[in-house]
Amino acid sequence: MAPNIRKSHPLLKMINSSLIDLPAPSNISAWWNFGSLLAVCLTTQILTGLLLAMHYTADTSLAFSSVAYTCRNVQYGWLIRNLHANGASFFFICIFLHIGRGLYYGSYLYKETWNTGVILLLTLMATAFVGYVLPWGQMSFWGATVITNLFSAIPYIGQTLVEWAWGGFSVDNPTLTRFFALHFLLPFVIAGITIIHLTFLHESGSNNPLGISSDSDKIPFHPYYTLKDILGLTLMFIPLLTLALFSPNLLGDPENFTPANPLVTPPHIKPEWYFLFAYAILRSIPNKLGGVLALAASVLILLLIPFLHKSKQRTMTFRPLSQTLFWLLVANLLILTWIGSQPVEHPFIIIGQMASLSYFTILLILFPLIGTLENKMLNY
């Protein structure tokens, strides 16, 4: 029999074993589509970003006008920019749903896969943050100033660290230049970590909605899940294109249409929508260092999730109490997102503090407690 090049070629056999002949559980639902959607988001962002970088100038006196020039005079520049800006939003929607799926179905018990995923989330957040500074509008400048300033809360080395990050005594040209360098570099770092993420995943194989071993019933990834992924892809691209073509500035801040001015502070400094939940947690603590620690904890808490799993069952499929708690957490995150977009005044302050407290209570105390309770209920 003639050798199959797909299975014998050194490069093709790697692709084959991870995308074609990969044994996959027969019962994974649409919640398992988001991994491939994230890969597509990353590819789209790298391609549109590369095209934008060809027309961008990382200089404080030229950055704003170079972005405006791209939108006005470059062929389809407006489309490339709108896809890139809104593509970031869809990237975060997909990653939040992907993490939510992992939480619900106990995928975090694959510890290496989960931990590399958390590193990917942190890298993505860093990339989005430095990218938001590049158009050099008012919110770009003040967002950069406020968030980088948080490092000054670190005892002893804080102030030195901030000035080192800025490349001076305020956010200025050196800051913009290095942020552009980082924004160009980090997506490729994300791509590298993604390969590690997949390597760890393929060691164990995918989890499934029942949370039990699926070794007895596996199907090839291609054509079943390649086709399912293409369907998911189409369903994601339709709203992305709708947003980019009909309402491209819906999720942006109007302040960013004004060029950066260090002498005028915008009335409400707030990040893009996907950071609002963390921003609300940061603001809910009246102490600077405390706020920074809470901000870090809000994301890093994901690393503790595998150790807080007390249930005998892996997924929440047959655990109604944990399900209720899970959706309570989702609602809580939506409240935090809303609070992050509101001014710091009554009643938003107290709502934010309650929601922040609930967030940590649900994850650190209630999930393990309810898991243990459900184990007890199995005996009756």
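Here the Cβ of each residue, glycine as well, is placed from N, Cα and C on the backbone.
Annotation comment: Swiss-Prot describes His84, His183 as heme b b562 binding site. A sphere of 10 angstroms centred on the C-beta of His183 (heme b b562 binding site) encloses 22 other C-beta atoms.
DSSP assigns His98 (heme b b566 binding site) to a helix in the three-state reduction. As annotated by Swiss-Prot, heme b b566 binding site applies to His98, His197, with the evidence given as similarity to another entry.
Swiss-Prot lists His202 with the feature ubiquinone binding site, giving similarity to another entry as the kind of evidence. The local packing around His202 (ubiquinone binding site), expressed as other Cβ atoms within 10 Å of its Cβ over all shown chains, amounts to 14.
Within the chain carrying the transmembrane segment (34-54), a Cβ under 8 angstroms from the stretch's Cβ atoms is held by residues 70, 80-81, 83-84, 87-88, 90-91, 94-95, 97-98, 101, 183-184, 187-188, 190-191, 194, 229, 232-233, 236, all 6 or more beyond its ends. The transmembrane segment feature in Swiss-Prot is assigned to 34-54 (among others); the stated evidence is similarity to another entry.
Annotated transmembrane segment per Swiss-Prot: 78-99 (among others), in sequence order, evidence recorded as similarity to another entry.
As annotated by Swiss-Prot, transmembrane segment applies to 114-134 (among others). Taking Cβ pairs closer than 8 Å, the transmembrane segment (114-134) reaches residues 56, 58, 63, 67, 88, 91-92, 95, 98-99, 102, 107-108, 140-141, 143-144, 147, 175-176, 179-180, 182-183, 186-187, 189-190, 193-194, 196-197, 200, 271-272, 274-275, 299-300, 302-303, 305-306 in its own chain, all 6 or more past its ends.
With a cut-off of 8 Å between Cβ atoms, the residues of this chain six or more beyond the transmembrane segment (179-199) that come close are 18, 38-39, 42, 45-46, 49, 53, 56, 58, 113, 116-117, 119-120, 123-124, 126-127, 130-131, 133-134, 144. For 179-199 (among others), the entry in Swiss-Prot reads transmembrane segment, with the evidence type similarity to another entry.
According to Swiss-Prot, the transmembrane segment annotation covers 227-247 (among others), on the basis of similarity to another entry. Outside the transmembrane segment (227-247) by six or more residues, the chain places 30, 33-34, 36-37, 40, 79, 82-83, 86-87, 89-90, 94 with a CB less than 8 A from a CB of the stretch.
Nonlocal intrachain contacts for the transmembrane segment (289-309), taken as residues 6+ away from its ends with a CB within less than 8 angstroms of a stretch CB, comprise 99, 103, 106, 108-109, 111, 114-115, 118, 121-122, 125, 150-151, 153-155, 277-279, 281-283, 356, 359-360, 363-364, 367-368, 371. Residues or ranges marked as transmembrane segment by Swiss-Prot on the basis of similarity to another entry: 289-309 (among others).
Feature annotation from Swiss-Prot assigns transmembrane segment to 321-341 (among others). Beyond the transmembrane segment (321-341), the same-chain residues lying 6 or more positions past its ends with a Cβ under 8 Å from any Cβ of the stretch are 100, 103-104, 270-271, 273, 275-281, 283, 311, 348, 351-352, 355-356, 358-359, 362-363, 366-367, 370-371, 373-374.
Remote same-chain partners of the transmembrane segment (348-368), defined as residues 6 or more beyond its termini with a Cβ less than 8 Å from a stretch Cβ, comprise 280-281, 283-285, 294, 297-298, 301, 304-305, 308-310, 322, 325, 328-329, 332-333, 335-336, 339-340, 342. Residues or ranges marked as transmembrane segment in Swiss-Prot: 348-368 (among others).
Taking Cβ-Cβ distances under 8 Å and a sequence gap of 6 or more within the same chain, the neighbours of His84 (heme b b562 binding site) are Gln45, Thr48, Gly49, Leu52. Counting only the Cα atoms, the space from His197 (heme b b566 binding site) to His183 (heme b b562 binding site) is about 21 angstrom. Neighbour density for His98 (heme b b566 binding site): within 10 A of its CB lie 20 other CB atoms from the protein chains shown. In this structure the alpha carbons, written CA, of His183 (heme b b562 binding site) and His98 (heme b b566 binding site) are 23 Å apart. Cα to Cα, His98 (heme b b566 binding site) and His202 (ubiquinone binding site) are separated by 17 Å.
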